[in-house]
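Asks: Sharing a structure with you now.
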Amino acid sequence: MDAVELARRLQEEATCSICLDYFTDPVMTACGHNFCRECIQMSWEKGKGKKGKKKQKGSFPCPECREMSPQRNLRPNRLLTKVAEMARQHPGLHKRDLCQIHQEPLKLFCQDDQTPICVVCREAQEHRMHRVLPLDEAAREYKLRLEEDIKYLREEMMKTETLQAKEEQTLTEWQERVKERRERILEEFQKVVLFLVEEERRLLQILKKEEDDTLGKLQDSKASLDHQSRSLDLILLQLEEQTQQEPLQMLQDVKDTLTRKESLSMQYPEVVLPVAIKTVCRVPGQIEVLKSFQEDVVPDPSTAYPYLLLYESRQRRYLSPPPEGSAPYSKDRFLAYPCAVGQKSFSSGRHYWEVGMNLTGDALWALGVCRDNVSRKDRVLKSPENGFWVVQLSKGKKHLPLLPNSIPVTLTEPPSHMGIFLDFQAGEVSFYSVNDGSHLHSFSQVAFPGPLLPFFCLGSPKSGQMVISTVTMWVKG
């Protein structure tokens, strides 16, 4: 008997016929057959519920020979326990070395199914037409293939580990850069905050000095006028009393009275209202912040006054054709003034746009926002009550007239580049000079009554041009 056959026989002896695995706690029945204790007990438990011939009390049939065996006569087989343990530990006696179907040694390898088979499997219908190699030959062939795969996978593992190391380094460097940038942002903003606090203090000090100086001059002027008024009152009273006297009495003192009147020095200081405030409200960096809300605002040619020309510089064409070839009287077109509104209306959010102004010294113009339903056929006052929130400059005056009876904003120079900021939810529209970043004026109210449109207006052909985004606007002469 060769070693393989001996191993097979030994494996059979160490295998339970119920679970087909090596014995665990083997016991022997009265008839001499061996089973795992748990396997034979489970087999007999299942047999209790089956109908059949009457069994002796406490006796059950042997699963191998069907001979009746008392349950209490199960005897532990310690020798078989050692044999089963040896079979488990011996590499040549593993269960996987035998065919699970035929219990024959696995000596062949099916290349089609890529699985070991026994000689009985080789002749079976399932493998009869398959390519089959001896197990050792197949092992050598597949070992080479596996070694190639191992080499490839090790190379890939090295690449992966290299990339992992690079990614970890990149992650560390990135986190460090983020940390540095965060610290830099906090540091720079702290500098800006300190700078703004100092700038605020400086501007307020300048304004306070200007207030004190101007207030002193105004108070001195007022005091002088008060003194002059009292002197005039006194002389006037004396003259009125003297005119009521008898002729002789009146004429006796007339020389002194006239002398006092002639000696009175009259002073009339020039009073200019409103007094111009020289201190400019300029917040450093504010225009840059507002530009984060910048919109591409373009005038709507269908709303433009018939003689208001819109020229698109990029496309090199008129957006609104000259009046000779247009139909000027559409319902959306402004007819009372050389005005136009933007193509897009705003009913929420924050929006900022800029307008360049190449205007003459006596230009008439207006900028701002208006309701989408303002009167376009009639001349109306451009006021919030009529749906206009605009600033305007007229006839070269260096101030922006706003509302009737309001104090106009005084300018050192008319702006050539203006910014308009609309905060719809806050009910506020503000105007800035982009040239120096100064704030010119703001309209504030609880809420706007409806959608708003950017508003542009030129007064006459002599006013010059406005540039809105890439569109140039002027009045045809």
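Counting begins at 1 with the first residue displayed.
The backbone N, Cα and C atoms fix where each Cβ goes, and this holds for glycine too.
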Asks: Do you know which of 94-135, 262-303, 304-345, 388-429 Swiss-Prot annotates as zinc finger?
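Replies: My reading of Swiss-Prot: the zinc finger range is 94-135.
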Asks: What other residues of this chain sit with their CB within 8 A of the center of the CB atoms of Cys99, His102, Cys121, His127, the recorded Zn(2+) site?
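Replies: Neighbours found: Ile101, Glu104, Ile117, Cys118, Val119, Val120, Arg122, Ala124.
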Asks: Can you tell me how the residues of the zinc finger (94-135) break down into helix, strand and coil by DSSP?
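Replies: Split by secondary structure, the zinc finger (94-135) comes out as 9 helix, 11 strand, 22 coil.
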Asks: Between the binding-site residues Cys99, Cys121, whose Cβ has more other Cβ atoms within 10 Å than any of the rest?
Replies: Cys121
Asks: Between His102, His127, which of the binding-site residues has the fewest other CB atoms within 10 angstroms in the structure shown?
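Replies: Taking His102, His127 as the binding-site residues, the minimal 10 Å Cβ count falls on His102.
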